[in-house]
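*Asks:* Sending over a structure as structure tokens; questions will come in a sec.
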């Protein structure tokens, strides 16, 4: 129930390796913030610094109006859910849930009431007298969630909590966690959440906002829709969305985008958006916005097709570069595949122009 | 017609095949039985060979002195408890009970002290970073490799200057300060195999380092700690050299020295008394071992954490 602010947060390890490069991040009260990025992008390190499990080299962590840098984890009013549950193996579920309260000298009756309430919310009442080794993965994760919930913390921290579960369970736990977040908000005690994952589906479906990280830098912080529609740079463009955005290298000459022997005429819609004209440019366009066309458009050589049910992913080579496009199943059936050549028309309204050198999206308004 | 005869051929060959398979199975089962029988006979024979001295010891403690050397078998012809009765009385003003008490006065503080101090030191080495950690841990390993004998004289001089000679202190105080590098090393290895997540979860739950140690680490360390206590118990019970060096008054002798005492003081050795008291001496260790056997093995097999 508090705002979380990171400012100029840095982490340098003993060997001089700089893991986190002075990041700034504001998480609003009651917001569900997802930190996402490939492995080694320091998202977990950042989370562990917020939790107090990792020392901060420089910078400031603020929860509510308190600077918590020097506080031990137990005093930061946070709760954390770990990837491998980290339940205390020798304690029954009941004691696992109540451990934090016991350390805080909460009277026994109150503790028991809190355990019952959390158990009811998470539907783990029948499991209270079991040991962690008698639980399945999903049950253990719910207990771990309960252990965080029972403390009524100001900030919830999740460290890849679902990555040890199978795909089906992961999907249902995803819904359960977001529901819980909404429910707490509706009950008038909104909880601030920082959720670390490497899975972009989790990030897109769960987050109010997403913070995309790479090599200890923040690449972009935005809502899922914004990230998808207006990626700030090549990294975000490639990381968010499945199948991946096509990035086609080329040069801008006047109003033309030239790639190898072919030319795309950039229309006003794109040109007006661009705030600079990079020498080495890249055109980014999602597979959904590369339409199959008859007669005109870019010529590509079809390599393979993946049948996904109602649509087909077509993989083709365009001027030596592999690109993907999505076609409807019927459209694919109607396609003349006799010479392996397909014609593609990019929907320039959804295209982005990136500066190859800096990776920045130059077709977005400059950040104000 | 030809088709039918062909089919019957197939059927009969099928029946032949079935019979063959049955015979092969029966052969396999018979072979397994024979091999099991052979295995058990060998194991039983070797086991008996290893245990025979112990069995003989128990048997001989009920024999008369005259019979002990007259008869190699272990079943006494005229069973007598005279060895136990007289042996318990000893040739000193004290009974053997006194010596047992002395032994336990050394063992109990030593085992408890070892468990507590080694756990703390191992926790420190396994979970915290502090200056000179590598050097200090290196010296723990170095102590592990050092033969005991080389430290005997400096230790003796130290304890003499402290005025601890002829007391139990030199026998247990060093261990209560994690003086047994072997146990520290064993616990460190065990702790390293336990993932640190539970401890981090405890810290997030508000536990400080001591609470984490007591509530989380010690319960997970229990199998290893039981092994440590068992080892310490048995080694101290059997320790002869330590008490021999530091203890000079007979009233402070532990059982290991008391056994030797009965050999020293009588000219014609009363072997059945010595054997009877030997049986009593090994009994506590045996009882403790069998009681804690399950945990003992769990603790020794490193990384006793189930996934």
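Including glycine, each Cβ sits where the backbone N, Cα and C put it.
Because the structure is a prediction, the values reported are computed rather than measured.
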*Asks:* For which of the residue intervals B:74-98, B:99-123 does TrEMBL record transmembrane segment?
*Replies:* B:99-123
*Asks:* Take the transmembrane segment (B:274-292) and find every residue of the same chain, 6 or more past its ends, with a Cβ under 8 Å from one of its Cβ atoms.
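*Replies:* Distant contacts of the transmembrane segment (B:274-292): 57-58, 60-62, 68, 83-84, 87-88, 96, 100, 226, 230, 233-234, 237-238, 255-256, 258-259, 262-263.
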*Asks:* Which residues of the chain, 6 or more past the ends of the transmembrane segment (B:135-159), have a CB below 8 A from one of its CBs?
*Replies:* 125, 165, 169-170, 174, 181-182, 184-185, 188, 245-246
*Asks:* Under 8 Å between C-beta atoms and at least six residues away from its ends: which parts of the chain pack against the transmembrane segment (B:99-123)?
*Replies:* 90, 168, 171-173, 175-178, 180, 183-184, 187-188, 190-191, 213, 217-218, 221, 225, 228-229, 232-233, 236-237, 243, 252-258, 280
